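Visitor: Pulled the feature table from TrEMBL, pasting it below:
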type	residues	note
DOMAIN	370-400	domain '4Fe-4S ferredoxin-type'
BINDING	Cys380, Cys383, Cys386, Cys429	[4Fe-4S] cluster 1 binding site
BINDING	Cys390, Cys419, Cys422, Cys425	[4Fe-4S] cluster 2 binding site
DOMAIN	410-438	domain '4Fe-4S ferredoxin-type'
Amino acid sequence: MIKRIGSCFILGLIINEILKGRVNSMSILIGPMKLHLNGHKELTSHGEVKNIVAGKKVFIPLMACTDVLVKAGDTVKAGTMLAKRDDHFKVPIFSSVSGKVLGIEELEHTTGRVIDHVVIENDGLNTFERPFEPIDAEKASVEELVTFMMNAGIVGCGGAGFPSYVKYKGAKGIHTLLINAVECEPYITADYRIMDNQVEELVYGTKTMLKMSGAKKALIAIKKTKKDLIAKVREAVKDTEGLFVEEVPDQYPMGWERTLIYEVFKKRYDKLPGEIGVIVNNATTAIAFSEALRYGKPIIEKICTISGDAVKNPSNVRVPVGVSVQEIVEQIGGYAYDEVRIVGGGPMMGKTVSTDRAVINSASNAITILKPDEDEAIACLRCGRCNDHCPAGILPVRINNAEEAGDVKLLTKLRADQCIECGMCTYVCPSKIEVTEGVRRGKALLRAAAQK
Ligand code: SF4
Ligand code: SF4
């Protein structure tokens with residue numbers, strides 16, 4: 001049985017670490033706004049990447065998508081365009097398997113939202129058709145590359161899923177392309193494994209993005225503790241003009257765009273990194289872009305970390321988009337307990353889902369599966385730790401109170417919208433209060449008020 005959880009497991013994580021003696025309470029808190037976490041990355045960082053076979057049906061999520069191009073009964077191949085986003089971002093969505101379209105079904109997504117999915121009956125043949133032709137990135141103009149990126153459906157692969165072409169369209173005054181290969185959340189090692197396996201693609205994708213950005217240099221930011229990967233990437237970029245490796249501290253949330261930019265450039269910005277002349281893209285996005293450029297392959301499969309203390313064999317898997325968590329876990333050995341809690345993403349920033357029918361999507365990088373948290377929260381001690389450690393510089397406990405009171409004016413004043421949902425406030429709370437959940441609800445309240 002799959003049990004719904006909140007994010008209060010994060011405190012359990014830290015307390016467990018202390019009790020196990022792997023870290024001590026003094027060494028965890030290495031300074032305001034950043035923590036060094038025991039990442040549990042050894043569970044998956046060096047094992048084989050297991051291939052997951054899609055079952056009889058796959059469910060392709062239609063995030064923010066209104067223009068569906070197929071109907072029940074249509075035959076599709078892996079690579080067939082199923083839909084196109086019809087909002088500000090015209091990116092397409094492709095089938096990951098060949099077979100027959102059965103219709104549209106509402107399902108919980110790994111973000112916790114219930115959205116439409118195209119249901120495809122998998123014929124098991126995996127017949128592929130190129131939805132677009134490869135392109136010579138050296139010869140293509142910047143405009144052609146931006147259009148290519150849009151039509152290839154390249155989205156941020158670090159979990160956000162933001163259409164990447166938007167960052168390059170009309171980019172001006174950019175001095176640096178920053179490739180985010182930090183992967184700071186506990187348990188997740190998918191980026192590490194992909195970069196280790198596909199370093200040439202990383203270089204090709206980054207080189208092309210550098211051309212599109214108009215910048216003089218690209219920095220590939222990797223945690224300084226990843227010595228083997230740093231050496232490998234340095235070797236791979238040594239003959240490519242403008243590409244460099246940037247070592248950054250092993251702290252959380254170093255992978256958050258603002259933290260990373262501050263670490264590298266010692267600058268802050270208001271809304272977008274472009275304001276200070278920087279474009280940021282995830283390392284696996286660069287790899288996915290390279291595969292599109294060179295092979296005409298859209299993002300129809302993902303390498304994801306399936307890890308946590310409630311899965312028997314934590315693993316990195318190569319899985320077609322649209323395959324459920326349940327099917328993946330079955331194929332890697334099953335759950336370790338009858339009741340588990342499932343998080344779409346890593347344990348800090350990921351969202352809890354109530355069902356293991358949720359599927360892998362083009363932005364997925366991890367599913368974390370944990371033991372249910374039995375401990376109850378107690379009253380706020382007013383210790384102020386959550387405020388002290390918030391990397392966004394806002395006041396989580398006050399935002400929680402404002403949310404409970406439904407005070408939209410105060411939520412606006414407290415800048416609840418600035419929260420990056422990093423999970424740090426819950427992590428440090430000694431009362432086991434799900435502070436992050438309260439701030440998330442506060443943000444939702446603000447959004448709803450803005451829509452009115
Ligand atoms: S308020 Fe948001 S940004 Fe600040 S610590 Fe909590 S989750 Fe992180
Ligand atoms: S960390 Fe927890 S106990 Fe301390 S002020 Fe914040 S909500 Fe209250």
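Using N, Cα and C of the backbone, Cβ positions are placed for all residues, glycine too.
Can you tell me where each of these features sits in this structure?
Guide: Non-local neighbourhood of Cys380 ([4Fe-4S] cluster 1 binding site): Val397, Ser431, Ile433, each in the same chain, at least six residues away, with C-beta under 8 Å from its C-beta. Under the three-state DSSP scheme, Cys380 ([4Fe-4S] cluster 1 binding site) falls in the coil class.
For Cys425 ([4Fe-4S] cluster 2 binding site), the same-chain residues that are 6 or more apart in sequence and have a Cβ closer than 8 Å to its Cβ are Cys386, His389, Cys390, Pro396, Val397, Val435, Thr436, Val439.
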Visitor: Which residue, out of the binding-site residues Cys383, Cys390, Cys419, Cys422, Cys429, shows the minimum number of other Cβ atoms inside 10 Å of its Cβ in this structure?
Guide: Cys383
Visitor: Relative to the mean position of the Cβ atoms of Cys390, Cys419, Cys422, Cys425, the recorded [4Fe-4S] cluster 2 site, which additional same-chain residues have Cβ within 8 Å?
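Guide: Nearby residues not in the site list: Cys386, His389, Pro391, Ala392, Ile394, Pro396, Ile420, Glu421, Gly423, Met424, Val435, Thr436, Val439.
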Visitor: At the level of the C-alpha atoms, what whole-angstrom distance separates Cys422 ([4Fe-4S] cluster 2 binding site) and Cys429 ([4Fe-4S] cluster 1 binding site)?
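Guide: Cα-Cα distance, Cys422 ([4Fe-4S] cluster 2 binding site) to Cys429 ([4Fe-4S] cluster 1 binding site): 14 Å.
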Visitor: How long is the line from the C-alpha of Cys419 ([4Fe-4S] cluster 2 binding site) to the C-alpha of Cys429 ([4Fe-4S] cluster 1 binding site), rounded to the nearest angstrom?
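Guide: Pair distance, Cα basis, whole Å: 16 Å.
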Visitor: Once Cys380, Cys383, Cys386, Cys429 are set aside, which residues in the chain still have Cβ within 8 Å of the Cβ centroid of the [4Fe-4S] cluster 1 site?
Guide: Leu381, Arg382, Gly384, Arg385, Val397, Cys425, Val428, Pro430, Ser431, Ile433, Val435
Visitor: Using CB under 6 Å from any atom of ligand 1, narrow the binding-site residues Cys383, Cys390, Cys419, Cys422, Cys429 to the ones that qualify.
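Guide: By the Cβ criterion, which requires under 6 Å to ligand 1, the hits are Cys390, Cys419, Cys422.
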Visitor: Around ligand 2, within a Cβ distance of under 6 Å, which of the binding-site residues Cys390, Cys419, Cys422 show up?
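Guide: With ligand 2 as the reference and 6 Å as the Cβ limit, the list is empty: none.
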